[in-house]
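Per TrEMBL, these features apply:
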ACT_SITE  155  active site, proton acceptor
BINDING   31, 106, 137, 138, 162  S-methyl-5'-thioadenosine binding site
BINDING   62, 86, 155, 156, 157, 158  spermidine binding site
DOMAIN    2-237  domain 'PABS'
Ligand code: SAM
């Protein structure tokens, strides 16, 4: 009998992947965690029935959450990852020898342990000596911290369940305070395509714009996320990701990246007209 994983992308659109096996299914104190094996996407896991990470397209997401900021401020030394339990964002950060400290605050230890067992492609660098793991709510963790990080990467779930507070104005204000003078905040910005996701994208962007003097949105292509068209937000106190982009310096690091490159860095900030209009409305 054929086995399919099906996820609801909207009330009238489903997305399905043929799977070979469904080999892990556990309820953590925060969410339901499932792992599957598939021919097309390799191993993948879902939280509360939503695709998080798969072996085939994870490089797109993890390149784009990490390297855009690193090529805007190549001197970043202290980084905080909020969420990111699969470890893919930390893996990309550990490729920079000059980064001194990486804190990762993940609310759900079970996600991390399961990824260490079943998804080594992303979780393999969580034991890097520069990495410290904190198992707590990122919202509480950041509150009251001042001038501690050069970069905060919010690698969260959607704005429902444990991730909801990570899309709030109070949280963005705490991130601003926790960042250094040249600090950068990158956050998961949902998709502009289907109205329910676009609504969340606009809400986050409006809140961030009130707090950070520089606030932009950039796009990338994730085949397994709703519509395949996904966004990150770039916010900072001083640095503009286009005019302060330092391609020569970034290229001197010699990183071999499969999705990100210096041309794409500039291009990903050039938004389609419908996205520009959504942001301006
Ligand atoms: N890249 C994927 C994506 O966006 O779909 C997955 C990112 S990662 C798996 C998201 C993680 O955020 C989850 O493991 C979840 O437990 C964590 N998370 C959600 N809310 C959180 C919070 N308030 N504090 C810390 N971590 C949180």
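Cβ atoms are placed via backbone N, Cα and C, with glycine included.
Projection of TrEMBL feature records onto the structure.
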{"residue": "31", "record": "S-methyl-5'-thioadenosine binding site", "contacts (Cβ under 8 Å, 6+ apart)": "47, 48, 108, 157, 161, 162"}
{"residue": "62", "record": "spermidine binding site", "contacts (Cβ under 8 Å, 6+ apart)": "88, 89, 91, 92, 122"}
{"residue": "86", "record": "spermidine binding site", "contacts (Cβ under 8 Å, 6+ apart)": "45, 52, 53, 58, 111, 115, 119, 122, 123"}
{"residue": "106", "record": "S-methyl-5'-thioadenosine binding site", "contacts (Cβ under 8 Å, 6+ apart)": "83, 84, 85, 112, 133, 134, 135, 138"}
{"residue": "155", "record": "active site, proton acceptor", "contacts (Cβ under 8 Å, 6+ apart)": "65, 81, 82, 83, 84, 89, 188"}
{"residue": "156", "record": "spermidine binding site", "contacts (Cβ under 8 Å, 6+ apart)": "82, 83, 138, 163, 166, 167, 187, 188"}
{"residue": "158", "record": "spermidine binding site", "contacts (Cβ under 8 Å, 6+ apart)": "50, 188, 190, 200"}
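In the three-state DSSP reading, the residue listed as 'active site, proton acceptor' counts as strand.
In the predicted model, the domain 'PABS' (2-237) has a mean pLDDT of 96. Of all the binding-site residues listed here (138, 162), the one with the fewest other CB atoms within 10 A of its own CB is 162. Least packed by the Cβ count within 10 Å, out of the binding-site residues 137, 157, is 137.
In the vicinity of ligand 1, defined as a Cβ distance under 6 Å, the following of the binding-site residues 106, 137, 158 are placed: 106, 137.
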